[in-house]
Amino acid sequence: MASLLTALILPLALLLLDAAKVLGSLSFRMSPTQKETRLGEKVELQCELLQSGMATGCSWLRHIPGDDPRPTFLMYLSAQRVKLAEGLDPRHISGAKVSGTKFQLTLSSFLQEDQGYYFCSVVSNSILYFSNFVPVFLPAKPATTPAMRPSSAAPTSAPQTRSVSPRSEVCRTSAGSAVDTSRLDFACNIYIWAPLVGTCGVLLLSLVITGICYRRNRRRVCKCPRPVVRQGGKPNLSEKYV
């Protein structure tokens with residue numbers, strides 16, 4: 001009868017869960033409030049009713065994080081009996097009424113699938129009360145980072161202030177030393193000729209652009225033939241160009 005009653009009130013419990021959290025926090029004391037355990041460890045959770053005469057029995061439930069928001073009924077505890085949900089192994093999960101207002105749930109050997117949020121609920125005067133959630137989980141796995149492979153090269157003691165090209169070192173002479181002209185080959189000449197060639201190229205391009213613009217803007221002279229009027233009043237056809 002108790003399991004049937006619990007199955008009927010579970011849908012209603014989901015709708016009233018948020019509203020009952022305030023009442024539940026004032027009506028229950030959970031011990032511990034959270035639990036971080038390990039595989040194979042024994043886990044004991046206690047639910048204490050703070051209001052005397054609130055109820056004679058208590059139901060334990062578990063909510064597993066995931067897509068399904070419905071909690072899972074685990075057991076119903078009273079002074080007379082312990083009613084486990086179908087499919088649960090009594091050697092793995094058990095419960096008992098410790099005192100008049102304390103109800104205990106015990107997991108003999110914690111498993112991976114036992115992780116979740118545990119809570120208890122009671123019905124008193126047609127009111128459904130829920131306790132706070134007790135998270136029971138395994139320790140979080142630390143994020144593994146790949147180990148850095150040690151470098152085979154020995155670290156340099158003196159840091160370099162700036163990078164200098166080896167070609168520029170060939171063309172540079174130290175202060176007070178004689179200049180060795182035999183070493184000034186093409187590697188040094190390119191530092192001299194490259195800016196000069198670039199400058200000449202820019203000047204030549206500017207000259208070409210200036211010439212093109214001048215030819216386009218030059219004033220056109222009309223070369224149309226016209227007769228020349230002589231003093232006699234008639235044009236001379238032999239002299240028709242000016």
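Cβ atoms here come from the backbone N, Cα and C positions, even for glycine.
When Swiss-Prot is compared with the stretches 27-46, 147-166, the one noted as region 'Disordered' is 147-166. Reviewing Cys47, Cys200, Cys213, the cysteine that Swiss-Prot connects to Cys120 via a disulfide bond turns out to be Cys47. Here the recorded positions are Cys47, Cys213; the one with the fewest Cβ atoms within 10 Å of its Cβ is Cys213. In this structure, Cys213 (S-palmitoyl cysteine) is part of a helix by DSSP.
Cα separation, Cys213 (S-palmitoyl cysteine) to Cys120 (disulfide bond), rounded: 93 Å. According to its DSSP assignment, Cys120 (disulfide bond) is in a strand.
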